[in-house]
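Sharing the feature lines straight out of TrEMBL:
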| type | residues | note |
| --- | --- | --- |
| COILED | 129-163 | coiled coil |
| DOMAIN | 187-407 | domain 'Histidine kinase' |
| DOMAIN | 429-542 | domain 'Response regulatory' |
| MOD_RES | Asp478 | 4-aspartylphosphate |
| DOMAIN | 549-670 | domain 'Response regulatory' |
| MOD_RES | Asp598 | 4-aspartylphosphate |
Amino acid sequence: MMQEDDRASGIFESLSRELALACDAQGTVVWRDERAARILGVKPGQTLKSLASHGSENKVEKLLVQARDEAVDGWELILHQHGHKPMTFAFRARPHDGGIAMVGSLVPEDYGAALTQVSTTLGELSALHRETERQQHELKLRAEELTRLNRELEESNRGVRSLHAALDEKAESLQRASEIKSRVVANVSHEFRTPLHSILGLSKVLLNPLNGSLAPEQEKQVQFIRGSAEALFELVNDLLDLSKVESGKTTLRHSRFVVSDFMSALRGMTRPLLAPDSKVTLDFEEPPEPLELETDEAKLSQVVRNLVSNAVKFTESGSVTVSAAPGPRDTVVFTVKDTGIGIAPENHERVFEEFIQVDSHLQRRVKGTGLGLPLARKLTEVLGGMLTVRSTLGEGATFIITLPRVHPEVSEMTGLTQRSESLDPSRAPVLVLEDDRQTLFLYEKYLARSGFQVLPVRTVEDARRVMQRVRPAAMVLDVMLEGETSWSFLAEMKNGEQTRDIPILVVTVTDREQKARALGADEFWLKPVDEVRLQKKLASLARTGPVERLLIIDDDDVHRYLLKQLLKDTPFQLMEASNGREGVRLARENAPHLIFLDFVLPDITAFDVLDELKADPRTRDIPIILHTSHQLQESERARLSRETSAILAKHTLSREVAITRIRDALSKAGLGNRDLREVNPRG
């Protein structure tokens, strides 16, 4: 019996359980563990059925029958100890020596609720799963739709790109046609001018009584010839001006002038427009306050005179009034008001179209060219303003010119000039001598992208003034300037000892390469300039200029490396020394243009280095920047301030600070404006 108990205990101990029982084939308990005795009060010899709650006896019988032959899991029985509340157990049973061995786990009282909650949760999870599948299916459909749309979009993009290419080709074709038209108009106009000058001159000679009198009929015929020639000459001039404006070749000459003075001059120029027997009065109204303009005075005068002439032509009687007044947003407004035939609203824009003439009895009599108003509007736009008209048919017309007080090009040029006055130490300066403002703006745009700073000048005298304060890394010259050429300046630069090594690129509209090369130009190009080509060429030319040699004396490898990184991609050539004596030797042998000196050195002091450098004629004038992490005493700082160009704390050092201090030191030493390659590298 003891051996059987031990064997049963081994089986039950190997199972996870709360209580354990062993029964014979009839269901009589032959063994129970302590927990079964404590929870159920069961004893050996007691039947399992006697423990079953009322109604559970059949389930006990079925368990006994089934478990004698096979393993049973999850069999629930309701058992109770006499006089106690029934408890539900989940049993696992196995056949054992003709009977069964059982282990049971107590099922909590809220087990049913837990099962219900689990069932509910499983239902919710199932619903969520179905919803997830639905959404995944929907996402799949959307992804397929997006793929389809992407394909359509890509096809549309290809179509748009093809359209853009076709439009670009068409635009280029139109541009070429426009350029050809402008050239043809300009050439034809010039060709017309020569014989017209002859006709006008000869007709004037014929009408001069000093050259003999003409018969009345002959004089009348010559007057007709002269009138027709003058009309044709006006047409030719308008065509030529219009072609210049449309081709962008109008040259502006900005100046600052007082509007009242401009109006006074205009009064004198427009008086001849009135015939002696004219029934029209021409009045000029002074501005209500002093006004100044900075624009092209001649172009503005041309526009106003054109409008006055037009107003006089279409006013049989009454008045033409010219006035000026301050406008909104820093503008000046000129008005030319007449009491003439007026313009119908539907023709307000048509009158500004080329060769369009609104039909009227005066129009048929006056016979204008149809170019005056279009030219006036285009010239106004070139001046940065706008020209509009207010009019009612039969009640006169008012033409309104609105101009900025300062021409936009002047403002942009002022900004460009101001930016160039403060040198950026991280950019190589390039002097650009060009009289066309738009071209100057293009140079700044192109060169700023490649690390250069443009120094813009429009005259040779301005270029000389810039050269007095800055030595540029390179120059770009247009030799054909307004009223002068820069050939003499090119020769002056290439013959000067201080400037002969500055690379010069000549860019102009006339093919004078042979002359440019003969005077020393490093490169010669015809306009227009290609951006990438310009950037590459200037980068190449700038590298051929003088190189400034810098010596770093510092025993700290990390700080020497840091300085080299800060000065990376600069035109400086760096040398290194890890102690004071080596630094003095390299300075004597290589004559650097500047020295970075650490205060604390391993072999000799910074003062020793300074004494040796100052004592040697070859090195005494080399500017020195002291850089240190040492806390200097007042006496040390006072002496170093006298003998060095600058004192820098290592922790404050940056690329901008380093380059600025280097440039300042070189400038003070006079190296910014002299040929650095004349310094003997071997002493």
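Backbone N, Cα and C define each Cβ position, glycine as well.
Just so it is clear, the model here is predicted, and its values are computed rather than measured.
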At a C-beta cut-off of under 8 Å, are there same-chain residues at least 6 beyond the coiled coil (129-163) that contact it? List them, or none.
none
In this predicted model, what is the average pLDDT of the domain 'Response regulatory' (549-670)?
83
What is the one among the modified residues Asp478, Asp598 whose Cβ has the most other Cβ atoms less than or equal to 10 Å away?
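Per the Cβ count, the most surrounded site is Asp598.
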According to DSSP, does Asp598 (4-aspartylphosphate) sit in a helix, a strand, or coil?
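In three-state terms, Asp598 (4-aspartylphosphate) counts as strand.
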With helix taken as DSSP H, G or I, strand as E or B and everything else coil, how many residues of the domain 'Response regulatory' (549-670) land in each class?
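Output for the domain 'Response regulatory' (549-670) reads 58 helix, 25 strand, 39 coil.
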In the domain 'Response regulatory' (429-542), how many residues does DSSP put in helix, strand and coil?
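DSSP composition of the domain 'Response regulatory' (429-542): 49 helix, 28 strand, 37 coil.
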Whole-number Å distance between the CA of Asp478 (4-aspartylphosphate) and the CA of Asp598 (4-aspartylphosphate)?
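Roughly 47 Å, rounded to the nearest whole number.
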